[in-house]
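S.K.: Can you read through this structure? Questions will come right after.
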Number of protein chains: 4
Amino acid sequence: MAQEIKKIALLTGGGDCPGLNAVIRAVTKAAILNYGMEVIGYKFGYRGLYKNDFVPLTLDSVSGILNRGGTILYSSNKDNLFDYQVEEDGVIVKKDVSDVAVENLKKEGVDVLIVIGGDGTLTSARDFSRKGIKVIGVPKTIDNDLASTDVTFGFNTAIDVVTEALDRLHTTAESHHRIMLCEVMGRNAGWIALEAGIAGSADVILIPEIPYDINKIAEKVREREAEGKNFTIVVVAEGAKPKNGEVVVSKIVKDSPDPIRLGGIGNKLAEDLERLIVDHEVRCTVLGHIQRGGNTSTYDRILSTRYGVAAVELIREGKFGHMVCLKGDTISSDTLENVIGQQTKLVNPEGELVQIAKKIGTTFAE
Amino acid sequence: MAQEIKKIALLTGGGDCPGLNAVIRAVTKAAILNYGMEVIGYKFGYRGLYKNDFVPLTLDSVSGILNRGGTILYSSNKDNLFDYQVEEDGVIVKKDVSDVAVENLKKEGVDVLIVIGGDGTLTSARDFSRKGIKVIGVPKTIDNDLASTDVTFGFNTAIDVVTEALDRLHTTAESHHRIMLCEVMGRNAGWIALEAGIAGSADVILIPEIPYDINKIAEKVREREAEGKNFTIVVVAEGAKPKNGEVVVSKIVKDSPDPIRLGGIGNKLAEDLERLIVDHEVRCTVLGHIQRGGNTSTYDRILSTRYGVAAVELIREGKFGHMVCLKGDTISSDTLENVIGQQTKLVNPEGELVQIAKKIGTTFAE
Amino acid sequence: MAQEIKKIALLTGGGDCPGLNAVIRAVTKAAILNYGMEVIGYKFGYRGLYKNDFVPLTLDSVSGILNRGGTILYSSNKDNLFDYQVEEDGVIVKKDVSDVAVENLKKEGVDVLIVIGGDGTLTSARDFSRKGIKVIGVPKTIDNDLASTDVTFGFNTAIDVVTEALDRLHTTAESHHRIMLCEVMGRNAGWIALEAGIAGSADVILIPEIPYDINKIAEKVREREAEGKNFTIVVVAEGAKPKNGEVVVSKIVKDSPDPIRLGGIGNKLAEDLERLIVDHEVRCTVLGHIQRGGNTSTYDRILSTRYGVAAVELIREGKFGHMVCLKGDTISSDTLENVIGQQTKLVNPEGELVQIAKKIGTTFAE
Amino acid sequence: MAQEIKKIALLTGGGDCPGLNAVIRAVTKAAILNYGMEVIGYKFGYRGLYKNDFVPLTLDSVSGILNRGGTILYSSNKDNLFDYQVEEDGVIVKKDVSDVAVENLKKEGVDVLIVIGGDGTLTSARDFSRKGIKVIGVPKTIDNDLASTDVTFGFNTAIDVVTEALDRLHTTAESHHRIMLCEVMGRNAGWIALEAGIAGSADVILIPEIPYDINKIAEKVREREAEGKNFTIVVVAEGAKPKNGEVVVSKIVKDSPDPIRLGGIGNKLAEDLERLIVDHEVRCTVLGHIQRGGNTSTYDRILSTRYGVAAVELIREGKFGHMVCLKGDTISSDTLENVIGQQTKLVNPEGELVQIAKKIGTTFAE
């Protein structure tokens, strides 16, 4: 049956993430070298599918991209073709334009569509699958919070960047006896803060899953002073919440043009901590976009390559409507129907990693 | 004459800077190994001198610190012993306590004081010299803006960090067709923005020395689009100023607890640019403290080592009241009397580096 | 029962490996902070145990070592106390001195011995367990070839170093149209060559598990030329073997003082390839010791910390004679009796990773 | 006059070096953006000029190459068109084919030839200048040993790589109480060994300019032991020579296919040292090609960009037959006639850097 698959198309949706290009390269090489398929890539995610804007993907065009962050196919954040913003008679309306996409796939003779993206992008993939399109999904989230797969690419690169930043902040904190806050990605799940916090020797880790009490941070600072350590490193996930449940957004965050950079709690917390602990300076660094970009780590290059080749193998096996995933150390797959709508994989406050961090003296300021 | 120098003391003042530890190590090793001197280090800059709070510096205690950022002697930002804040009868007053410092030096038998610091710290060094203390200065400024020396340590490490960040931002900017701003250190002088901007392939560089016109940034964005490049990288020194002279501080910056992180123009500019260029997202990353810390670069390790050894040699030559400096490729020295009060070394808008940047297509948005 | 454990000792045996210090730190912090245990470390592995040469391990002494390669307890490669080389009456003899070690443990009041090491070191650990000593094992092998655990620390750092080297060699290979060989660690198992080869975009990967045919390498070179790619990157595990089974050691390797650096097939292969492919220069780089040292990667810092804390938890659970291990994403343990003598975990030529590499065009020159 | 320059050509000769691509990019951008020139690049150095094998260089083709090592124009090591190896009537003969090159330049309408290369490549450039070709030179040597310029690009990247390797070797040396040798580039001049040795905290530095006495290395090892430091780091330039003047090449080096990797003294020295110092293991790592490739450092990106723009400015000023150079911190130029044949810039044993190294306790084993 698989013999009939002659042409496949790829698209990348949502925020960029190290490893996207490695997946694109692996899909393209595996499809061409092993099965003689033709490969094209739609530009800017579903928008390109709607506008029939694509490029051919060849051995040449994917050469040299293995370690480059970003995506050579570009991406857009919000294009849902099932509820798409179009102009009609001078008025902006939302409508389902998915049939245009289906038509474009037919016109180009695309047999299978491989969709690399996060929850939103994959939900559309499932919906195209329901419309009869042969779809394969590849999961992407830099936050590592998908329940359907143990690890997603990009996460290892992100914690590398954060850990290196924490290493740098340590020397300044120590030299000036400061409290240094480092705000990192993680709206709903605290994986980046947790793992980079362990690797970067943070004294306090604040994550959305464990609401914090600011007084416990002050306690930790005092406790460290008593041990002769006059500085404290705090990693804060952007979605961290104070214990009383009230998410007080800082004055300096309001009306911010850049929710990724300023949307979190870091600056507010720095203000409050400096009032609470008057004999120490408190500084906050918001890592923002440098967590997403640049050179892809060794680990992510390998994982992305595995995902990309596995996606092509799913085609060969006729497993349409499936998404590749990693379980333990093994690549497998699950149906998009099962995967979509699953809960976000949150940090378990009773789980091993949190317990590990506590055992070596890190506090979550509960 | 130099035979009489038996004991020297070191202190580090002002903001931390990669290379401080390398200077401390070089001074200690050179003084002990070659001249059998005793070396001590005052903690927290002049505050330690005032409180007579010091540690012995030995071959052992400086082992392994060559490449570590920060300062093992700690530092403080604002302690001027000639105008020092003390409590008297329950009231905070400012007074000249420099005699206490002189007394402490005598009590400990310190023959020479080596002071590593920026303009403020070195001004006090000169004042102690005027009081008859044998002083040697070592210049420190991460901004590279001292007129008396061609290069200061820490600067190369800082532009390494910024350049790596720009490399990372490129892939995200390209993938999402965004305008990415990166705010870097540089209140008065734009050296970091200028050199990292050239090394990191910035399209627009905004520095205090060349007031910018926001419309020229928009023009550059349009021009790049016309060439098929749908993203733009802007490096902004925190002290960059709009051309009309009015420094409009962003709403999100007011009342900030952290002038280093938010004191600049980056976020305001991002807001304004997004209003001006509606069809592109604009994002700003403020690098902040990660520019100061962490591993010291190869270049800075060598330069700091040269400075440290040269400081000890100045002692041997009896050149008290001098500061080491680098002229071209040669280590030399100048008197603190000459050095203090010199103008900050600003970027020359007509100088070679600005012209180089322009010739390869970078704009300063004049 | 665990209440009676008051004092534990640690030792590290075998070749050094990034992550050893992270384990030492995690064990020490977890034991002191949670259970108030006293911790000491024997120096140079079993030799220190024999000579009763140890240091106390405190929160202070393990501060700042999380990311440092090597081991603060030092290590030695060949000291087996059950067959130990001693001088008796001027003659060197081998004898079982394990009772001396047992005596030393008693004398110091050590309740549990934690042994971090590879196969040889852990075999002795089992033997001490058989003698009634309470022992906990922590597996260490940079080659990742232990059957009893899915991943060992140090491996991720090693492939990071190799991958960066391959990135560097690419630009030179391409500029000069060369064939570049890179010899990496792996006497028996080819994991480093395989994973770094995938991450570093190697065209040819040679591992002990898949004997190679030199003519197939030449074929690959010709095939790439036909595609317009005039350079080829070959990763060679030091234990790679030619297909005919005859391990021809290079003239330049014989009598080498440094088996790690020159013991492999890389240089011989370069000689032979240059004779076979006369129109290309062939160069070989032997990475050697830089694969083992330096900064520990983010991944390995986390894994080592998990291992260290888990070792202390095994003590609390009374699971003496056990070794910590990682299965899938979960920390668990197994008895040393089961673990010792297991086959080395070799690369499966039919396994997923080899197949992945082949699907994207890498050859194993079978 | 400069108005008549409409088309320029570039070529790169000799071994590859980080920064070549940055020069190519800067020349191309400056020539096109400022003066509307047309730019082409000959492939494989002079060979491409002889075979008229070239590519157009455009803003597009130089995009994204600023930080990439190697040369997009390729290079070859030995092609001297004034004494070129050609086949005539089935016999290989050497003859002057420079007229063919001149003819090709005329045929393509090339007004100026920019030659980027080392001594050999620039000698040919001078010879073409003598033949009436308008030539501009850009100096290239990773060894930093050209007398006519203070710094050459590539050198800073090379010492970065070596310094990082030394950092890595330290942890292994310390853990195993070993003597670790690191052989680095430098046939005639020891700059890389000297500067990286200072930055990487080497205990012994061996360079061609200061013949060494092996017994002095052993002395240093003993001296360090007496201070409680049981490991020693030795950096050896490949051209280092023993004091007696006899360059004993190791058995393992003879017949080596790879002079860069094995041509030096490192392995021989390791053999000899292990015999001399029986109670320490001695290991040698030969860094080889990883010193030349990969990502270009911040410093080198800036320097190369300055050189490239300056080369175009020389054209504008009509300074043909000149080579760009750096004097102190200023870009200037000199005539190829002056530059060619100058002595190699050797390390001065009485110079500042050697003295600095000695003052902090490093020995040159004289």
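Any Cβ shown, glycine's included, is placed from N, Cα and C.
Curation does not apply to TrEMBL; its annotations are automatic.
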S.K.: The ATP site in TrEMBL includes B:Lys78, B:Asp79, B:Gly118, B:Asp119, B:Gly120, B:Thr121. Which of B:Gly15, B:Gly19, B:Gly186, B:Gly190 is also listed there?
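M.R.: So, going by the record in TrEMBL, that would be B:Gly15.
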S.K.: Which whole-number value in Å describes the distance between the Cα atoms of B:Thr121 (ATP binding site) and B:Thr141 (substrate binding site)?
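M.R.: Cα-Cα distance, B:Thr121 (ATP binding site) to B:Thr141 (substrate binding site): 11 Å.
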S.K.: Largest pairwise Cα distance, Å, within the listed substrate binders B:Thr141, B:Ile142, B:Asp143, B:Arg178, B:Met185, B:Gly186, B:Arg187, B:Glu238, B:Arg283, B:His289, B:Ile290, B:Gln291, B:Arg292?
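M.R.: Result: 33 Å between the two most distant Cα atoms.
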S.K.: How big is the ATP site in terms of the longest C-alpha to C-alpha distance among B:Gly15, B:Lys78, B:Asp79, B:Gly118, B:Asp119, B:Gly120, B:Thr121, in angstrom?
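M.R.: Across B:Gly15, B:Lys78, B:Asp79, B:Gly118, B:Asp119, B:Gly120, B:Thr121, the widest Cα separation comes out at 13 Å.
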S.K.: I'd like to know which of these binding-site residues, B:Gly118, B:Gly120, is least surrounded, judged by other CB atoms within 10 A.
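M.R.: So among B:Gly118, B:Gly120, the binding-site residues given, the one with the fewest Cβ atoms within 10 Å is B:Gly120.
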S.K.: Between B:Lys78, B:Arg187, B:Arg283, B:Arg292, which of the binding-site residues has the fewest other CB atoms within 10 angstroms in the structure shown?
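M.R.: Result for the binding-site residues B:Lys78, B:Arg187, B:Arg283, B:Arg292: minimum number of other Cβ atoms within 10 Å at B:Lys78.
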S.K.: In whole Å, how far is B:Lys78 (ATP binding site) from B:Thr141 (substrate binding site) when you measure between their Cα atoms?
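M.R.: Between the alpha carbons of B:Thr141 (substrate binding site) and B:Lys78 (ATP binding site) there are 15 Å.
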S.K.: Hey, for the ATP site built from B:Gly15, B:Lys78, B:Asp79, B:Gly118, B:Asp119, B:Gly120, B:Thr121, who else sits with CB inside 8 A of the CB center?
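M.R.: For the ATP site, the extra neighbours are B:Gly13, B:Gly14, B:Gly45, B:Asn77, B:Gly117.
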S.K.: Applying an 8 Å Cβ threshold (strictly under) against chain A, tell me which of the binding-site residues B:Gly118, B:Asp119, B:Thr121, B:Met185, B:Arg187 fall inside, in sequence order.
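M.R.: Listed binding-site residues meeting the cut-off: none at all.
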S.K.: Using a 10 angstroms cut-off on Cβ to Cβ distances, just flag whichever of B:Asp79, B:Asp119, B:Asp143 is the loneliest among these binding-site residues.
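M.R.: Ranked by other Cβ atoms within 10 Å, the binding-site residues B:Asp79, B:Asp119, B:Asp143 bottom out at B:Asp119.
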S.K.: For the domain 'Phosphofructokinase' (B:7-315), what's the mean pLDDT in this predicted model?
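M.R.: A mean pLDDT of 91 is what the model gives the domain 'Phosphofructokinase' (B:7-315).
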